[in-house]
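In what follows, a single structure is set out as structure tokens and then discussed.
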Amino acid sequence: MKRYNICVIKGDGIGPEIADEAIKVLDSVSDKFGFELNYEYFLMGGAAIDVFGVPLPDETLEAALKSDAVLFGAIGGEKWDNLPRNLRPESGLLKIRKSLEAYANLRPALIFDELVNASTLKPEILQDVDLLVVRELTGGLYFGEPRVKEQNRAYNTMVYTTDEIRRIAKIAFEAAMKRNKKVCMVDKANVLETSQLWREVTTEVAKDYPEVSLEFMYVDNAAMQLVRNPAQFDVILTENLFGDILSDEASMICGSIGLLPSASMGGKVGIYEPIHGSAPDIAGQGIANPIAMILSAAMMLRYALNENKAAEAIEKAVKAVLKDGYRTKDIAKFGAVEICTTSEIGSIISDYVKKI
Ligand code: IPM
Ligand code: MG
């Protein structure tokens, strides 16, 4: 029997609750498709600061590097907000992304038919929305040196090399080949030199993918187009900070940030995590929506473990559960037949997985 080692980092806030549900669903799917998942649990973020005094302990990073995939919940919370930047929970996440060379962040945004009313946009605008944000994750302003905070002045550096751009552009074109064969590269080339370089390199990469159409869009326009006509997009390729912002915007098109998964990959080991944060305000109440986390587990099966059938089974189960009217509180207003707790909906999804 195939056996995979999963490094589980539950994190802070709602992280532990939603991670438990993802594991429940993974156990059900691995049973069904005949493979074994061996979980090992490690700390990162606030939980690690409390125990080790640092947001990414060495043992967590070592375990992640040795694993087949990292399944990660969420980190952060008010308790740790006033620590110096390098000791904040977020620094742990950035460091693990960089250390695993997880430079490609895939953030799909698609509409569940049953939830079109949950979006703040009009249902007619949502017809045919199915887009994928391919966000560069280990470069740009997040990591550029020098970075300085002085008393009366502060600065950051946006830096990209052609190699960094080329490898993420390839990921975007490969993804487009399996989708609707359109890439929209989002930048600020009317102002930034880095964006000019992105355009040059992406144009070069596009030559290897003659079937894929490439367009360029300024980021301010893209932010506007995403709410004006989101169905025009297939793959959005962009740098780190723009991708951070646009993927949150794209998530709301779908009705709840609690629904969207993500994969951070490309390097040694991938990290699979929901795009939402740790939501400390609702932690521990059993009302968090675990679907983004469960769908992230499906992405892990597909991209890290090549268990495509198992990934599909989870995605189908989630759709069927929503279709049958099971809802967590965040989306209860939209067609709920039964309002479920975090753990109830996790159990229902894992039962559906068995039946699919
Ligand atoms: C995300 C988050 C992170 C980011 C934070 C927590 C550092 O917003 O994964 O989108 O900015 O990348
Ligand atoms: Mg973000």
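Even glycines carry a Cβ here, placed using N, Cα and C.
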Per TrEMBL: substrate is bound by Arg97, Arg107, Asp220, and from Arg135, Arg147, Arg179 the site also lists Arg135
One of the recorded positions Arg97, Arg135, Tyr142, Lys188, Ile287 has its Cα closest to the Cα of Asp248 (Mg(2+) binding site), namely Arg135
Cα of Lys188 (site 'Important for catalysis') to Cα of Arg97 (substrate binding site), in Å and rounded, measures 25
Cα nearest Arg107 (substrate binding site) among binding-site residues (Gly77, Pro89, Asp244) -> Asp244
Not counting Asp220, Asp244, Asp248, residues with a CB within 8 A of the CB centroid of the Mg(2+) site are Val219, Ala223, Leu241, Phe242, Gly243, Ile245, Leu246, Ser247, Glu249
